[in-house]
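Enquirer: One structure follows; several queries about it will come next.
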Amino acid sequence: MPSFFRALFSGLIASQLSWAAPSLLHPLEPRQQPNCNTASNRACWISGSYDITTDYEVKTPLTGVVRQYDLTLTQAENWLGPDGVVKEDVMLVNGNILGPVIHAQWGDTISVTVTNNLKYNGTTIHWHGIRQLNTNLQDGVNGITECPIPPNGGSKTYTFIAHQYGTSWYHSHFSAQYGNGIVGAIQIDGPASLPYDIDLGPLVLSDYYYKTADELVVYTQSNAPPASDNVLFNGTNINPANTTQGQYKTITLTPGKRHRLRIINTSVENNFQVSIVGHSMTVIESDFVPVDSFTTDSLFVGIGQRYDVTIDASQATDNYWMNVTFGGGGFCGKSNNPYPAAIIHYNGASNSHPTNKGVAPADHECLDLLNLVPVVPRSIPTSGFVAASDNTLDVQLSTTTRKWTINGSTLDVDWGHPITQYVINKSTAWPSTDNVWLVEEANQWAYWLIENDPTATGNALPHPIHLHGHDFVVLGRSPNVSPTAQTPYTFTSSDVSSLNGNNPIRRDVVMLPPKGWLLIAFQTTNPGAWLMHCHIAWHVSAGLGNTFLEQPSAFVAGLNTNDVNQLNSQCKSWNAYYPSKDIFKQDDSGV
């Protein structure tokens, strides 16, 4: 039978749309304003009450301000893309390949109405990294927290509080749909661990393919993923095959000033190494976690990860390349653009292209930085950890089905019957392919050992692992080796002594080394159904994910009638639509 997802492209209304660089960041109206956050003191937020040391998981400056946004999803064919190549099919947010920035302040309420004007596809929008404290039904994952928003005018208003601050992004969680363009940035203003003068806003880095995400999903079911056709910087770049087409992204610095730049990797396949010729970057935040500042010449940014950095405009007034490179012997991704780059332009310099290409940075080998020290500390017991069947997740690729499994099971959700609906109806009869792990105790550390196919006979791959609803701590990982070495490491009792529970790295996306292991833990303080998955689109599409069902009784007790009515109404609308198209079947994990 034809693919349901593939049906998106079978009857598009022809439209010849030209690409224009979107205006990403909309300034906030001067409502709630911090009264002590200045260029010389970014650590303060509200004098005497909230600053960089405030534990944002415990205390939030609720402002009463509602930031309202509207996102309208449409589709087009024969679309002229940012690098001058016409794409057969594309999906757009408010008419652009990159949606508007959702911009708020710490403690604001964010309300986003999503209207689905796609022709055949449902959709949901996930607010990546947003904790969704006690608002699990707003997490935007079809088959887990809700049913899809039906096409041809269906809508949903997502409402949640910005308990965290920093930088993130939103994207569709309907199959691999975000690879077709349903992506945008999130900026939540708050304190910072280092002073700066100018906030440059988000820099969205993304791989870019001329084929549709659907075509690539099918291709990767029996082949290694192809190189990306290009790499975009805030939705633009030149065409590597014809440099007269497209344009470089230009980031303007003011000489003598310190600038904050919010780097986001929204790719489906490519992990990036980022560097700037002649400049270092000072890291002040990773994902939504403020960290003690430190300086580096380059950053490894995995899919879904974010780094907020400061850049001092202390060099000669000129133009400089910002370069993206690929490490790990091709295991981190690759592109047909041999030199993906943007231009760092000093105000007052000419408009000519930089002349110094710089040198490739040291290879990060698809591994995260280890010197991320959270400003707000945590202490986690590690000495008593014992690996067991109820806390170990074994990731494997089936060589026969080409599906990914966790403990032998491939994720395959039912769009029309989300896990939350089972829980609300006091049923545990969800399908085994929902890959549900019950986490019932409150206010505990839940430890999870993730092992990446150490016994594989072929090559294992690194995976950017993302958890919804929580920041997790990274207590340890297998030794640092190149993915090309394919050295197997299995966690043993002797590894316990190497674990770090003294204010360890804390974030929501971390790289799982090939044939290695990773030990993470999260606090059970947020009831709901929370997806954990690889953020390589083809991997989660092929089943690499599971759901932690956390405190189900407390989750139900915390719901109100409006929450439940909205869930049931949306599922009713979706299930009225989906059977009417019964020749179009879900043919991947659904998320």
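Each Cβ is built from the backbone N, Cα and C atoms, and glycine gets one as well.
Here's the feature list from Swiss-Prot:
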type	residues	note
DOMAIN	66-189	domain 'Plastocyanin-like 1'
CARBOHYD	Asn121	N-linked glycosylation site
DISULFID	Cys147-Cys571	disulfide bond
DOMAIN	198-356	domain 'Plastocyanin-like 2'
CARBOHYD	Asn234	N-linked glycosylation site
CARBOHYD	Asn242	N-linked glycosylation site
CARBOHYD	Asn265	N-linked glycosylation site
CARBOHYD	Asn323	N-linked glycosylation site
DISULFID	Cys332-Cys366	disulfide bond
CARBOHYD	Asn407	N-linked glycosylation site
CARBOHYD	Asn425	N-linked glycosylation site
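Walk me through where these features lie, including what they touch and how far apart they are.
Expert: In three-state terms derived from DSSP, Cys571 (disulfide bond) belongs to a helical segment.
In the three-state DSSP classification, Asn234 (N-linked glycosylation site) falls within coil.
When Cβ atoms from all protein chains are considered, those within 10 Å of Asn242 (N-linked glycosylation site) total 11, not counting its own.
Around Asn265 (N-linked glycosylation site), the same-chain residues six or more apart in sequence whose CB sits under 8 Å from its CB are Leu205, Ser206, Asn271, Phe272, Val301, Gly302, Ile303, Gly304, Gln305, Arg306, listed in sequence order. According to DSSP, Asn265 (N-linked glycosylation site) is assigned to a strand segment.
Its Cβ taken as reference, Asn323 (N-linked glycosylation site) is surrounded by 21 other Cβ atoms within 10 Å in the chains shown.
Secondary structure from DSSP puts Cys332 (disulfide bond) in coil.
According to DSSP, Asn407 (N-linked glycosylation site) sits in a coil region rather than a helix or strand.
Within the same chain, no residue at least 6 positions away in sequence has its Cβ under 8 Å from that of Asn425 (N-linked glycosylation site).
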Enquirer: About how far apart, in whole Å, are the alpha carbons (Cα) of Asn407 (N-linked glycosylation site) and Cys332 (disulfide bond)?
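Expert: A Cα-Cα distance of 24 Å.
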Enquirer: Could you break down the residues of the domain 'Plastocyanin-like 1' (66-189) into DSSP helix, strand and coil, giving a count for each?
Expert: 7 helix, 69 strand, 48 coil
Enquirer: Enter the number of other CB atoms within 10 angstroms of the CB of Cys366 (disulfide bond).
Expert: 28
Enquirer: Counting Cβ atoms within 10 Å of each candidate's own Cβ, which of the glycosylation sites Asn121, Asn234 comes out highest?
Expert: Asn121
Enquirer: Please report the Cα separation of Asn121 (N-linked glycosylation site) and Cys147 (disulfide bond) in Å, rounded to an integer.
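Expert: About 12 Å separates the two Cα atoms.
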